[in-house]
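**Student:** One structure, pasted below without further comment.
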Amino acid sequence: MSKGTLYIVSAPSGAGKSSLINALLETNPTYDMKVSVSHTTRGMRPGEENGVHYNFISVEEFTELTEQESFLEHAEVFGNYYGTSRPWIEDQLNKGIDVFLDIDWQGARQIRIQMPAAKSLFILPPSKEELERRLNARGQDSETIIARRMQEARSEISHYNEYDYVIVNDDFDAALMDFKAIIRAERLKQDKQTAKYNSMLNALLAEQ
């Protein structure tokens, strides 16, 4: 059995990253795939479920896990801590499950150092205007927060060239097709196919 692949997916807020990942998992039942669920010390928001949206833990628990080097990466954001579980991801990959990690460029850098076999994708909006329109359409943030997100988007986008693949989410269906094509191509690489079809290859290569 071949190991799963870790996919690092980054994008500015509003580019459609979460929607594309969710659509991929819902419409691609052929492969075993999961989304990594981060640990966080922030409080649970209405509608969130522990273990689904995040693994909610205390600051003390987070500190202990950090000291045990249980996180592939971790960061502090607005006074709250977030981390990606190393044991969980390694367990899924060893089972042949592809794991998708929704993370910013800084976290992506940390993970690529520790797991160089990971594949990285960056999702771009077609324009600044469209990105701002999407942020406004969500109806979640004030004008001040949207302005800050637009500033953050420029910083995030400036690192797109550090990624293996780039998808422009102008048309959602087309972007989803591109996303699926990347996963399919990675699954067809020689090392993956060799592990999957090892018995067949041995039979084909056996002397008569």
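Cβ coordinates are placed from backbone N, Cα and C, and glycine is handled just like the others.
Got these off Swiss-Prot a minute ago, pasting:
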BINDING   Ala11, Pro12, Ser13, Gly14, Ala15, Gly16, Lys17, Ser18  ATP binding site
DOMAIN    4-184  domain 'Guanylate kinase-like'
**Student:** For the domain 'Guanylate kinase-like' (4-184), would you mind checking the mean pLDDT of the predicted model?
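**Tutor:** That stretch averages a pLDDT of 93.
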**Student:** Neighbour count, 10 Å Cβ-Cβ cut-off, for Ser18 (ATP binding site): what number do you get?
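**Tutor:** Its Cβ shell of radius 10 Å holds 14 other Cβ atoms.
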**Student:** So which other residues, same chain and not among Ala11, Pro12, Ser13, Gly14, Ala15, Gly16, Lys17, Ser18, have a Cβ within 8 Å of the centroid of the Cβ atoms at the ATP site?
**Tutor:** Ile123, Pro125, Asn169
**Student:** With an 8 Å cut-off on Cβ-Cβ distance and a minimum sequence separation of at least 6, pull the same-chain contacts of Gly14 (ATP binding site), or say none.
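**Tutor:** Long-range Cβ contacts: Pro125, Leu131, Glu132, Arg134, Leu135, Arg138, Arg149, Ala153.
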**Student:** By a simple count of other Cβ atoms within 10 Å, which of Pro12, Gly16, the binding-site residues in the record, is least packed?
**Tutor:** Gly16
**Student:** Looking only at DSSP and grouping its letters into three states, which state does Ala15 (ATP binding site) belong to?
**Tutor:** coil
